[in-house]
């Protein structure tokens, strides 16, 4: 077990090294912009001093003198705050798409999202000078947190801010809320608690409610509707912000085509009507959507449906300014709301704002003797000076972000504008000056959009370099070493050096990072620790180079040509935006190709895999025909999985057929498709659980009454009933079923998984030890009852001995010992699959079942290939490169088959509320875990179950021994030991001494192979460390009896653990190559038009998927070590009893 612990440490160590490279690259590539902490300030108009001595002696200047003084030097008077123009009620209706606010009286059959806000059209018709309706264009990513930052700071979002959408950090930049507080404006808030997390302790009064439970359509809205009239009735406020969530949650849960959307929009219509009736004169109502939604109710991307929200304004009592002063009459950027609101409220425009004032949205209130165009000129120039100052300071603090020529051109334009602003004496001159000034501001905005993210080349280079070097080290050191060599390479000395080097290097980098020109202490610690570890790997490689070079020379590379070419092809996907968009199709074709290639390999072996004669009896008995049928079955499943792929925006000819019904279809067709889509996953999941139970029962692993056996026998059955019931009831939203009861179904599944984990930690084995006699007793691994077989043998033995009980010694009988390892993984994988299916819901369960079934079929085919081509136990249990690569492709294919896409707008948030709808605890950590399990369900499941790749041949030939093609008159099929020679069994499995081996036909296939059953006897003593020759060849000779199943693995512990470790490392290597290519593609395309829409999201998904896979691999290896330890304890205990 010491080597097992060493292997565990190294697997974690290598995963952490790759993760360090990914992390450094992410920090360099996905940087946020440099936050400016300066704030804007102004002088109140009432306190403005004209600046001449006469006015100062008289204690100030009057209104006329102020106007004249300001107009004489507009350029120097930009820091003045004019009086507040109106009180403001800001209603934020989350996900209010622009077309939701349109009203068409000629539309007699409106969709659920149409014609539900007639109050807006009514106000526009009755009060055209007091109301405006515009398209409110959001900057992607269209998530609530980023949009709230945009409409309060006026700044553009950065891509990586999407990651903080559910961890709302406090805004540390100048913003509209802080300006209101500084200037003594009373601010009241109601609704989404994201506001209070962004602006803690800013509001005079607040009524905040949790916002993440998308299943709750009414709690937040009802509370806002309750308290909003009370706040409006008070007279001590300047601005009220009310954020409604129901429309957004309705979109996430049902989509815009559901009747619930009509209900929620109808409620919003009544809210707006009530507010307009109750609001006082001189108050302005602003209704906005922070973003829109797609036809499926999602958002986060940059499609028109997602970025086009609604803006509506109604000024009661005071008309709005004419539309003639604005360039765009029907649209506005969301960032334009910030300077517009600041002007209405009479506070400074936030320092980091990039938006422009919309004059048509300003109440037409004059100040002293200012003409309208003169007041508009002052406001516009204040806006321009604020943007120019921010842009200049940002360019200075982030040298190299903007080009020198670009900065010089903008500086020259602004210098000319500063001369012109004092010469605007007519409205026509103002219109001309306004066009030029807005053009200058748009140039700045365009420059910031193009080069907003400042890449850190050093972090990017270090991340790429670490990832590449670790991949190279794994490829050289692990791929070209035998399991025995790996045990010697990664010994206690290597582990100690790794710990010591890391303990020394990390603090050195942390405290002395500035001396090496690194950006942060974190950067220094990670880089130094990684470099030290890579150096150690290099030293170990040099130390064992002789053995590695011999293995490299002997390695047969030609059979892996297809696999290697496919590896290069699939990794090149990351470098093409078209290939990324169509990756799901590419993976399906590659996967089908590997199935056919494996079948062709078996056919090439000839013999029993040759094409049979065309006779019915011959064809029926042909193994090749059966394997062809199995392969075609898998290929058909892969093709059918295309029905469960989700569509990207770029795929114009794609339809989400079974995931979500197309929105234009009639209601009846939508219901029919939904019914079919819900029924098939239930059938598939039930069949999956039944087949798993039948397999375990046939292997004898469900014998007995231990806790784990009971869990494996009944746990998945209970779980599948609850899981199917949950996602069926939750999706149909059946009336009359309390939500508590729906959540209880999920709690049962969670509880069963917790019990399963506890059992695995205490006693994971699915075996049953019966009292034993001298006679050899045979456990029949068939569909018949195991207990009855044991009873018959006991009766025969009793009759044969005449009831003589003089022999006290008992010979042990162990049920399920031939599949002692794989049975635990099968049972764990079954209950885990049910949990993942529940999180996926009906739309993803079918894809998961297809992936699982395809994986089982491939392991079956590849295991036969491995055994037939093997010359020793080593070559039999070590998965081939093709097998490993197919396992990786299955994980990636499963991502798409379970209805996911690497886009921001298609994250399935529903999983975060499975079992948490009735009482949402607000835990973002738990929500993130559930969403990750949903998104990477196949990746996590197949990573945990990766040891099955090693168990495969033993499982297959234990259950179907006829595949070994052994003649009835011969002893069991025997392969040579790793030395190439045959020899006696070395450990605890043997027949009873002095007894003739009993022969019995076994196997679930009912084959005619005769099988010598084995029982547990005394173990031979082995000396650790002396069992291997200097060249890595074990001195002990071991029979490779395939019918002994996984006891072969236990008998060859060093070979077994080393092989599983090598398999895990090679899987980690293949995934690391993929993430490296994704990182390299982002680096090459960092200025590509599609970098933030295609390449960056693909890298983020691949990076997170890598983390999930690393966790799964380590959990799978940890589970294997726990099972192996239990097997060792079992064998030791039996041996003591036998002695």
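Glycine too: its Cβ is placed from the backbone N, Cα and C atoms.
Note that the coordinates shown come from a computational prediction; the quantities given were computed from them, not determined experimentally.
Positions annotated as transmembrane segment by TrEMBL: 459-482 (among others). Within the chain carrying the transmembrane segment (459-482), a Cβ under 8 angstroms from the stretch's Cβ atoms is held by residues 14, 17-18, 20-29, 489, 519, 523, 527, 530-531, 534, 537-538, 540-541, 544, 547-549, 551-552, 555, 874, 1032, 1058, 1062, 1065-1066, 1068-1069, 1072-1073, 1075-1076, 1079-1080, 1083, all 6 or more beyond its ends.
Per TrEMBL, the feature transmembrane segment maps to 494-513 (among others).
For 525-549 (among others), the entry in TrEMBL reads transmembrane segment.
Counting only same-chain residues 6+ beyond the ends of the transmembrane segment (586-611), those with a CB under 8 A from a CB of the stretch are 562-563, 566, 569-570, 573, 579, 623-624, 627-628, 631, 634-635, 638-639, 641-642, 854, 857-858, 861-862, 864-865, 868-869, 882, 885-886, 889-890, 892-893, 896, 965. Taken from TrEMBL, the feature transmembrane segment covers 586-611 (among others).
According to TrEMBL, the transmembrane segment annotation covers 623-642 (among others). Note on the transmembrane segment (623-642): residues 584-585, 588, 591-592, 595-596, 598-599, 602-603, 608-612, 847, 850-851, 853-854, 857-858, 860-861, 864, 893, 897, 963 of its chain, located 6 or more positions outside it, place their CB under 8 angstroms from a CB of the stretch.
Look at TrEMBL and you will find 679-696 (among others) tagged as transmembrane segment.
Listed as Cβ neighbours of the transmembrane segment (708-729) (distance under 8 Å, sequence separation of 6 or more from its ends, same chain) are residues 678, 681-682, 685-686, 689, 692-693, 696, 701-702, 737, 742, 745-746, 748-749, 752-753, 755-756, 759-760, 763-766, 768, 823, 827, 830-831, 834-835, 837-838, 840-842, 845, 914-915. The annotation transmembrane segment is assigned in TrEMBL to 708-729 (among others).
Among the features that TrEMBL reports, transmembrane segment is placed at 749-770 (among others).
Counting only same-chain residues 6+ beyond the ends of the transmembrane segment (820-840), those with a CB under 8 A from a CB of the stretch are 681, 685, 688-689, 692-693, 695-696, 699, 701, 708, 711-712, 715-716, 719-720, 722-723, 726-727, 746, 749-750, 752-753, 756, 760, 764-767, 847-849, 852, 898-899, 908, 911, 914, 930, 933-934, 937, 940-941, 944-945, 947-948, 951, 954-955, 1046-1047, 1049-1050, 1116, 1119-1120, 1123-1124, 1127. The transmembrane segment annotation in TrEMBL covers 820-840 (among others).
The annotation transmembrane segment is assigned in TrEMBL to 846-867 (among others). Sequence-distant contacts of the transmembrane segment (846-867), counting only residues of its own chain at least 6 positions beyond either end whose CB sits under 8 Å from a CB of the stretch, comprise 591, 594-595, 598-599, 601-602, 627, 630-631, 633-634, 637-638, 640-641, 644, 658, 677, 680-681, 684-685, 688, 829, 833, 836-837, 840, 875-880, 882-883, 886-887, 890, 893-894, 896-899, 937-938, 941-942, 948-949, 952-953, 955-957, 963-964, 1042.
Positions annotated as transmembrane segment by TrEMBL: 879-897 (among others). Packing against the transmembrane segment (879-897) from elsewhere in the chain are residues 559-560, 562-564, 566-567, 570, 583-584, 587-588, 590-591, 594, 597-598, 638, 641, 644-646, 847-848, 850-851, 854-855, 858, 862, 865-866, 935-939, 942-943, 946, 949-950, 952, 1063, 1066-1067, 1070-1071, 1074, 1101, 1105, 1109: each is 6 or more residues past its ends and has a CB under 8 Å from a CB in it.
Feature annotation from TrEMBL assigns region 'Disordered' to 966-1003.
Here TrEMBL flags 1066-1087 (among others) as transmembrane segment. Away from its own ends, the transmembrane segment (1066-1087) comes close to residues 11, 14-15, 18, 21-22, 25, 29, 455, 460, 463-464, 467-468, 470-471, 474-475, 478-479, 567, 570-572, 574-575, 881, 884-885, 887-888, 892, 943, 946, 1095-1096, 1098-1099, 1102-1103, 1105-1106, 1109-1110, 1113 of its chain (Cβ-Cβ under 8 Å, at least six residues beyond either end).
Scored on C-beta pairs under 8 angstroms, the neighbour of the transmembrane segment (525-549) with the top count among 494-513, 679-696, 749-770 is 494-513.
Tertiary neighbourhood of the transmembrane segment (494-513): same-chain residues 6, 9-10, 13, 519-529, 531-533, 535-536, 540, selected by CB-CB distance under 8 Å and a gap of 6+ residues from either end.
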